[in-house]
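Inspection log for the structure reproduced underneath, given as structure tokens.
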Amino acid sequence: MKWYELRTEDVEKQVNTNYEKGLTTKEVKKRLEQFGFNELKEAEKPNMFLLFLAQFKDFMVLVLLAATLISGLLGEYIDAIAIIAIIIINGFLGFFQERKAEKSLDALKELSAPQVMVKRDGSWVKIASSELVVGDVVKFASGDRISADIRILNSSSLEIEESALTGESLPVQKKTNSISGQDVGIGDQENMAFMGTMVTRGSGVGVVVATGMNTAMGQIADLLQSAETMITPLQRKLEQLGKILITVALILTAIVVLLGVLQGHDVYSMFLAGVSLAVAAIPEGLPAIVTVALSLGVQRMIKNNAIVRKLPAVETLGCASVICSDKTGTMTQNKMTVTHLWSGGKTWTVSGTGYEPDGRFYEGEDIIQPKDVKSLHQLLTFGLLCNNADIRQKKKDFALDGDPTEGALVVSAMKAGLTRTLLQEQFVIEKEFPFDSNRKMMSVIVRDPNGKRFVVTKGAPDVLIQNSESILWDHKQQFLSTRLKDEVEGAIEELGAQALRTIAVAFKALGPSETVYNEIDAEKNLIFIGLQGMIDPPRPEVKLAVKECKEAGIRTVMITGDHIITAKAIATQLGILPLGGKVVEGKELANMSVEELEDIVEDVYVFARVSPEHKLKIVKALQNNGHIVAMTGDGVNDAPAIKASDIGIAMGITGTDVAKEASSLVLLDDNFATIKAAIKEGRNIYENIRKFIRYLLASNVGEILVMLFAMLLALPLPLVPIQILWVNLVTDGLPAMALGLDQAEGDVMKRAPRNPREGVFARGLAWKIVSRGFLIGGVTLAAFMIVYSNQPDNLMYAQTVAFATLVMAQLIHVFDCRSDRSIFHRNPFENMYLVFAVISSIILMLIVIYYPPLQPVFHTTDIMLRDWLLILGLSAIPTFLLAGSMLFRRRA
Ligand code: ATP
């Protein structure tokens, strides 16, 4: 179908819709059932059974399976079946861990799925773009990713970048007229917007003509690969490290086997013990558990309103040393209310709060009627004319539809009895030049009932004043002299110092047929009318968050498009700007090189009146000074800085698709405090990963050493293969997972950020692993030797005691792993998952030891009560001995 050829009214018939009302819910349901969701097909996921089988592809597991099979053939049925059962349980564990990780990553994808504004049953609603159907009327604006093929019905300065389809990176200006021609290429279909392309400027309304695989994108993208799963730096390091650990474990195991054979043990049982030991000691599951810990952490972040889009960001979060944050909406509530108005040297105040259009106007103490004061009335009228926001009453509440800054202007006008409906009866908007944060202005061309045309502009006052050549003063148009300019600037500063955000309004008359080509044309030689000053209260939680970040060694920098005085006032209120801290303006930044900025950036706490492109410079300068930078943003032009920063953060509510796609973290509530919470969680996740690396590796070291020492001392095997596998299952399983769910140690936000180059074993971790592992192996062997020397004819009893000591030593040690300092620093009952994991592991161990049918399987026998004292005493040593010695050293 050549949609570009049709007139818009023909498209309406063709797709059977109604441009005014959109589709009805019933019709949408029908079309969804008939044509399916608006989705591109993804490559199929590997099937569950294959994923399960993949758990057994590990080389040592295969060797163990083969060895077990041989022992089965040799008649050792019970051993063979038990070993296979344990391998299968282990496989299931790995399988569930991987499934969980994958599922939560899928859930993440869903959460960050794009949304779209669509007209349904007569009103605009936001829906997931996958629910779009042919015939839906949609609107889109700068920063949106187009989510279906759309015939454009209405456009205002609309430009779309179509490189995803055409390879052409220059945006195309879009129009609405039909185009004739046989084979008009996609790049020339100027009245169409295609799925996957990006709105870089302006806004538009259109009707969906194709969805899913029927779109131009669907036709070229046969089967889209599902997004690649990204691997984090730590996972990469662990993978490399894993190879080293495997080699070390294999060498040590080989030594154990060799020594055993030399000491006279039979080759076959040494081989089986060796392979079991290798399977137990090789930390092959580590990367998978890391993924689980990461994804569990990511889920906790979602609860705190932060969505991680790129997994590596979780780690980088913990290294952040500077947060560059927007002000409006992130640090403030973005609930604006005009409180002051200024025109021609006079100031008025307005009462009322929020969006409720109920308030009075005052001149000093006296109530006035705005319609009696011409300049004030004009300021309010034009503020409403050059405006796209709406205030709707829902029962008793008044809700805003649109931009909060504009909403405040609507409310102030409504308080004076002006409404959009009223103005629409008199004025026709001929054209709009939408707001953008580079110009910091917006304009409309308006025609009044007498056919007179004029431009109305509103925007940042310091910009507007530069574009004005005269001013309304005492109800007369006067030349904007330096003296009057100074007066205006004085007024802007006075309002700014009260932390008010200021918007100026100006206008100019146009000839009856005067053409305005572009916004530059429209926004020059203006007549300045006045200012509206609005409060935007800080979010109450931000001050504390800024303070906590400071204690955590993270500096907060405010980057705002707002006026320098307003920015300064709010930064001071929030504790961001310290005494002597610098404030830099966008225009100074523009004249600075990155190197020059590097020299001063450490003292700058506020960047005001900046344009989005300045953000990139700020990121670069901070990074060159060695910082790990988190940068927030919402618009299209913020994307480069978001991408360049170490942690790109996009706003979930006000953010555009483009900003979100560039980001690694999305704030669902646009709140600065959420960034702090995410950083805390990021630090915690990293610490949790260190915790179970420490636990698992120390356990493995212990397991290997007990066997190695025994062989060196020419003792019998202290543990039989099935016991080794069991220990591995019980320790690798629940307790390690529960460590991944641990809470942050109280002071995690009182430390300096982690050095991103820090290795996995930094901060004494290697020493802790080796020393604890050594002691765990040592006490297990000691228990074995003590009991064995008492009853040399009862090897099985000594082995059972060794088994119990090893398990208990590990289960006590797991609590020590929760703190970087010592076990005494943390209340063990804070993490009830861990307590339950440990209790269930103990119960399982007791069953294996005491339940008669399992005794022959696990080569165990009842342990006497007296020996439990020995077991418990010895197994507590690795944890308490070192903790006690540390305590002693600290005191000494
Ligand atoms: P932040 O970067 O912290 O979010 P901001 O919202 O003030 O700050 P911009 O949205 O770039 O940044 O706005 C810059 C300036 O443009 C504002 O201070 C205001 O004076 C003006 N402005 C904002 N919104 C509009 C609008 N809808 N129409 C006209 N001017 C606007």
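Just so you know, glycine gets a Cβ as well, placed from its N, Cα and C.
Helix, strand and coil counts under DSSP for the domain 'Cation-transporting P-type ATPase N-terminal' (2-76) come to 43 helix, 2 strand, 30 coil. Residues or ranges marked as domain 'Cation-transporting P-type ATPase N-terminal' by TrEMBL: 2-76.
The transmembrane segment annotation in TrEMBL covers 49-71 (among others).
For 77-96 (among others), the entry in TrEMBL reads transmembrane segment.
What TrEMBL records for 244-262 (among others) is transmembrane segment. Distant neighbours of the transmembrane segment (244-262): 270-271, 273-275, 277-278, 281-284, 697, 700, 704, 707-708, 711-712, 717; these residues of the same chain sit at least 6 beyond its ends, with a Cβ under 8 Å from one of its Cβ atoms.
The feature transmembrane segment is assigned by TrEMBL to 268-294 (among others).
The transmembrane segment feature in TrEMBL is assigned to 692-717 (among others).
Taken from TrEMBL, the feature transmembrane segment applies to 723-744 (among others). Within the chain, the transmembrane segment (723-744) has long-range Cβ neighbours (under 8 A, six or more residues past its boundaries) at 83, 86-87, 89-90, 93, 97, 273, 276-277, 279-281, 285, 289, 292-293, 296, 680-681, 683-684, 687-689, 691-692, 695-696, 699, 703, 707, 799, 803, 806-807, 810-811, 814, 817-818, 830-831, 833-834, 836-838, 840-841, 844-845, 848, 858-860.
Summarising the annotation, TrEMBL assigns transmembrane segment to 765-788 (among others).
A Cβ distance under 8 Å defines the sequence-distant neighbours of the transmembrane segment (794-812), meaning residues of its chain 6+ beyond its ends; these are 695, 699, 702-703, 706, 716-720, 723, 726-727, 730-731, 735, 775-776, 779-781, 783-784, 787-788, 838, 841-842, 845, 849, 858-861, 863, 867-868, 870-872, 874-880. Look at TrEMBL and you will find 794-812 (among others) tagged as transmembrane segment.
The feature transmembrane segment is assigned by TrEMBL to 833-853 (among others).
The transmembrane segment feature in TrEMBL is assigned to 868-888 (among others).
With respect to Cβ pairs under 8 Å, the transmembrane segment (49-71) is most closely packed against 77-96, considering the stretches 77-96, 268-294, 765-788. Residues 51-52, 55-56, 61, 64-65, 68-69, 71, 276, 279, 285, 288, 721-722, 725-726, 728-729, 732-733, 856-858 of the same chain lie 6+ residues outside the transmembrane segment (77-96) yet bring a C-beta within less than 8 angstroms of a C-beta in it. With a threshold of 8 Å between CB atoms, the same-chain residues lying at least 6 positions outside the transmembrane segment (765-788) that come near it are 690, 693-694, 697-706, 708-710, 713, 715-716, 718, 795, 797-799, 801-802, 804-806, 809-810, 813, 816, 867, 870-871, 874-875, 877-879, 881-882. Long-range contacts of the transmembrane segment (268-294) within the same chain: residues 58, 60-61, 63-64, 67-68, 71, 74, 83, 87, 94, 97-98, 100-101, 232, 234-235, 238-239, 242, 245-246, 249-250, 252-254, 256-257, 260-261, 311, 314, 685, 688-689, 692-693, 696-697, 700, 703-704, 707, 717, 719-722, 724-725, 727-728, 732, 736-737, 740, each at least 6 residues beyond the stretch ends and with a Cβ under 8 Å from a Cβ of the stretch.
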